[in-house]
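Over in TrEMBL, the protein carries these features:
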ACT_SITE  Glu166  active site
DOMAIN    73-268  domain 'Peptidase M12A'
DOMAIN    389-548  domain 'MAM'
DOMAIN    546-582  domain 'ShKT'
SIGNAL    1-18  signal peptide
Amino acid sequence: MARFQVVITLVLIGPIFASSIQEDERGEDHSSTGSIFKSNHAEGNDALFQGDINMESWELEDVKKHHVVDKRNVLRSRKYLWTDRIIPYVIDSSLSQAAATIKDALYELEKHTCLRFVPRTYQGNYINYKYLDGCWSRVGKIYWKEAEQEISLGKGCDKKGTIIHETMHALGFWHEQSRPDRRNYVKVLWENIQDGMEDQFDRYSDDYVNTLGLDYDLDSIMHYGKKSFSVDGVKQTLEAIGDPTRDLGGNTLTNADINKINAVYDCGTTSYGWTQWSSFTPCDVYCRKERQRYCYHYGNKKMCGGAVNDYGIESQIIDCTTAECPIPRDGHWSRWSKWGDCSVTCNDGKRERTRKCDDPAPMHGGKDCIGDDILKGICVMPRCRLDFDDTEFTNGNMGMWSAVYSGFKLQWKVTNLPTNKANTGVFSDHTDGKGYYLLMDTASAVAGDKARIESYWMSGGTPQCLKLHYSMHGSSQGSLRVVMKVPGNPEWYILYLTGDQGPGWKYATANVDVTGSYMLAIEAVAGGNWYSDVTIDDIYLDNGPCDCQDTYFQCVTWHSKGECTKNPTFMNMYCKKTCGVCSKYMLKTAMILTQDAQNGHHKESVSPTQHIWKLNVHSAVEPVLVMMMIQAAHTGPTMENVQKAQTT
């Protein structure tokens, strides 16, 4: 019987979605968007554009490539409006308990505007309010065909403010903070935004967004809260210029929201004349403030006289007093540019990106931005040389792995295309975005369906480290397992991952130390259909234990330049083997965990609900050590974690 020892180390890389869930639970965000983003996060809808906008795949791709909405800017293209000002609607039976609130929200819009919401009878274009997955809507009318237009009011979305917000999207309105003049009123704190969510704060130029000559509205029901998409739910992502602690957004219509609807829909009343002046805006960067009023008149929006614009808005701009202005405005960095090309085509190299101190720029004696305008980083490309047991799936090559068909309803497939569903899967391979990866597509799956690949039979004898990159993102995510097969023994897991791990590629390793022959298998289990795609890429089997590996090929070069001494924090973490600092505690713990392990090990030894993997070991202290090893793996293994385990 073969003797073996197995130790697992898991490193999770990628954003943890806290966003406005934590913010709202702390009672600090009372805006409609705070409630909306909380509901959407709970439903796994973090990838909706700007948090709650449902878009066709071609629209979303266009936005991500160009950071514009050139096909959907209803404020420039009136064909996206409900031009007869009558909006037929249906309330699905799934929302019968929320029907009164929906009607109340629609009445709120009706009583301040010329729009009329009528129960649908025969109309081809109409809004259908349904209980679906989260709170979301399209922007504007589907003008090119007669079609139902869904507004989702899922769990937690039946508040009046939420319904008004989503209905305004359907009427053709984007979020307030995407206006081109945003930087005069709010500061985006890019450093506090969740990684990968920066495009949720895109700002559009005048070519794409027509502000209708209306003032920027910090309290708009369409404005983000000040902590939307926060990296930890505590840090602000938006800050009002001149008043950093001011709340942003609201859950009721403001006068500016009402004026916006009336302006874009050319609303008029039988009582012709001017509305009351709005209150003055805060002083802008040019030490001016502005107020506006709206001319109500059917058919002739300029009849009121005065300096009215084409939308019936008259603005009054005056200089601020010396007591009000100039207000020093500190500069703040814009978002980082995209990373430049990698300096190499294989192994690891260098790349850089830049940013500018113009969001906003410092004015009136304000402070310059603190920090560097250039960021240099390491880029990882496909390996220059692959051993027989390394697989990057280049051009569809499966390497030492082969599919298992018998007894498995799903199959892994090699692809270089994005997964075909939102809120699950990946957009491209792990390295340069141009290669191939392995996908288990769950579009037609049911919970429990599996896909499996197996390696060749290999000979053990020296410690090795299995490394792989994976993605497990989706609200109904299942599990991913790496299985060890040794002749004469039942299979057992050396790696077990379960549940939504967040978007993007992650990295995991597992030590393999087998004295006889063995085979590895990688198996994914669907948690349900649609939102449980699993992907894997770049599988390597390198010599040496996982806790004594170099992360980068450049480690040898850096060591020759004395970096192990000059930069010990970085080098001791990423160049352990070259710098000779391989920690002994993982190996010591491995000995404790695996003593007499040949006495038994079982495949079904994992509790998916606990997100752990476990060996069948036989002493009172060993289960505690297993749990502490897992805790160390999820937080990043530290000496403190393992020492605590050894003394428990």
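Positions of Cβ are set from backbone N, Cα and C atoms, glycine also.
Keep in mind it's a predicted model, so treat the numbers as computed, not measured.
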Residue counts (helix, strand, coil, in that order) that DSSP gives for the domain 'ShKT' (546-582): 24 helix, 2 strand, 11 coil
For Glu166 (active site), the number of other Cβ atoms found within 10 Å of its own Cβ: 26
DSSP three-state assignment for Glu166 (active site): helix
Overall pLDDT for the domain 'MAM' (389-548), taken as the rounded mean: 90
